[in-house]
Amino acid sequence: MNVADISQAPEAYRDVVWIADTCKLIMGIGWTANYVGMIRKSLKDQTYAMALLPLCCNFAWELTYAIMYAFTTSLEKYVHFSGLLLNCGVMYTAVKNAPREWEHAPLVQRNLRLIFVLAVAGFASAHVVLAKQVGPELGQAWSAYACQLLLSVGGLCQLLCRGHSRGASYFLWFSRFFGSLVLVPQDIIRYTYWKEAHEFMGSPMYIWFVTIFLILDGSYGLCLWYVRRFEQQNPAAGKLKK
């Protein structure tokens, strides 16, 4: 969603808006591939690929901005509504397979469905409140940044805590990482050619977000490589993957 009315954009931005739209389309392709890959990987490995709370936060964001505060352009509507439909599949496989990962915590294992419902409701309320506070155009941007950081932290922690690579793959990591990374050049174009409407993209908060995102998601690839190597060198660790 554009944070400002595109009809008010300066001529300089309109000349390069196709580049920003291309970045948005590539983002949609990357995340679509990631969602499809997560569904397939979850069914194959009988687990969930995305950490639970980030998954609920992401699903709540899709609900909020695909239905309640729908995007304005046809491209954005298609990208995010298709993302919501695929995310339903991701949620289904997570709910189905999550109990297997929580045998060590019976209280959590017995109440996983309730946890999913409460988490989605809680995150959805946060997204809606933020949209009402600052407007849906700016709210979707800031809440998406929060979702991304939670996803990056959650994915890294899940990989390290599990100690195995079941539910993870280089394809899932790269499609997620690249699907989000490609929005950085989009934001640079918006800030460069339409600065008055995108001042926040030059703020310390935004620069911090991009930096932390690069560090966390870049670290995930390295950690996955290390875990895979550890599984190959230690038969006991390799059995945990099965």
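Note: Cβ is positioned from N, Cα and C throughout, glycine not excepted.
Among the features that Swiss-Prot reports, transmembrane segment is placed at 16-36, 51-71, 78-95, 114-134, 141-161, 169-189, 207-227, with the record citing sequence analysis.
Within its own chain, the transmembrane segment (207-227) has Cβ neighbours under 8 Å at 145, 148-149, 152-153, 155-156, 159-160, 163-165, 168, 170, 173-174, 176-177, 180-181, 184, counting only residues six or more beyond its boundaries.
Contact count against the transmembrane segment (51-71) (Cβ pairs under 8 Å) is highest for 114-134, out of 16-36, 78-95, 114-134, 141-161, 169-189.
Listed stretches 16-36, 78-95, 114-134, 141-161 were compared with the transmembrane segment (169-189); the greatest number of C-beta pairs under 8 angstroms is found for 16-36.
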